[in-house]
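Student: Quick one: this structure, given as structure tokens, is what I'll be asking you about.
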Amino acid sequence: MDYSQFFNSALDRLHTERRYRVFADLERMAGRFPHAIWHSPKGKRDVVIWCSNDYLGMGQHPKVVGAMVETATRVGTGAGGTRNIAGTHHPLVQLEAELADLHGKEAALLFTSGYVSNQTGIATIAKLIPNCLILSDELNHNSMIEGIRQSGCERQVFRHNDLADLEALLKAAGANRPKLIACESLYSMDGDVAPLAKICDLAEKYNAMTYVDEVHAVGMYGPRGGGIAERDGVMHRIDILEGTLAKAFGCLGGYIAANGQIIDAVRSYAPGFIFTTALPPAICSAATAAIKHLKTSSWERERHQDRAARVKAILNAAGLPVMSSDTHIVPLFIGDAEKCKQASDLLLEEHGIYIQPINYPTVAKGSERLRITPSPYHDDGLIDQLAEALLQVWDRLGLPLKQKSLAAE
């Protein structure tokens, strides 16, 4: 039997549907973010990254880089084992304490990625609650969906950010059935925010637990970077907060923060935590440095919001189809998978601008887009270059513009 035919067939389907993904070979340069070297088929080229999740540029911050180098030099590279077998090193313990403090919780638990923290965290927590009903927002991330699926618990999906729909499901479940509401605080493809205070109201009214993914908000919102929950004053009302070290903090890893009993139970039962090597000491020290810095420095957050607002204003003024967003995410609607890929290719190859196309299954078919993520280091000149390049690409591909604004805000 020719087993390769099955894989070729699967890949052919992706090509036919115009959603086969090609990775750009990039080399970031510390001190020059958002500039990078693109190792293209035709050789090296200088490009500007407009889609990085290193939202605040902390991956190049001297404190963060310095902490990583110092720790690696002092203690070596790897963790040396799982958490249970020689892998619970001191920088990791310090990082978990820093995260617990960030979110005002008794404890925190680290995982190898934000995907794993959601997948393993939700699955383990829900499994430990007899007859648990999980109420999940329809736009939750794949990692949350997989965690819910692996829990084996009953799941009901409520319409995105629809409080009436959520309340109807809570009411139908009854006061005595255990319930877990799972949602994100900031949805990364549309840039909209969950009404966390009102979700907490419903959870308290109907005796439900809450699990909130703050992956795209930690570091960037709240007076100390605790996320949307901190900004909205509801951290203490949310049972489990989940986040990542790989975006605003510029490092690697995921975590959950909660009361001591929940964290201890997940630590003791979660396969995705127990049976894997711990995060390296240098990564943990770097993440701790990033968190400590952002707890006291507001420059990065303020500059980030300023840059995002300017990008939206300039692109809207140019008549480009900027989708509505209340946050730092700037989605640019295209609505066609092939043209979305073509737009991305033209921006990179002809303008030295890297924006990865966002196609199905990340977003629904017909809602394909370019997802732009400004950083504090995208200056006015780069923003103007972006707008001009996008207009040229839109014209080249025959993509529609909307009516231009009179001026940038």
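From the backbone N, Cα and C atoms, a Cβ is placed for every residue, glycine too.
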Student: Among T327, T362, indicate the single residue that Swiss-Prot lists for the substrate site containing R21, S136.
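Tutor: Looking at T327, T362, the one Swiss-Prot places in the substrate site next to R21, S136 is T362.
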Student: To which of H216, H293, H304 does Swiss-Prot also attribute binding of pyridoxal 5'-phosphate at the site defined by S188, T244, T276, T277?
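Tutor: Candidate listed by Swiss-Prot for the same site: H216.
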Student: Please work out the number of neighbouring Cβ atoms within 10 Å of the Cβ of R21 (substrate binding site), leaving out its own Cβ.
Tutor: 10
Student: If you compare CA-to-CA distances from S136 (substrate binding site) to each of the recorded positions H216, K247, T276, T277, which comes out shortest?
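Tutor: So, spelling it out, the nearest of the recorded positions is H216.
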Student: Based on Cβ atoms within 10 Å, give me the single least packed residue among the binding-site residues S136, S188, T362.
Tutor: T362
Student: Please list, in sequence order, the residues in the chain of T276 (pyridoxal 5'-phosphate binding site) that are at least six apart in sequence and whose C-beta is under 8 Å away from its C-beta.
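Tutor: Long-range Cβ contacts: T82, T112, V116.
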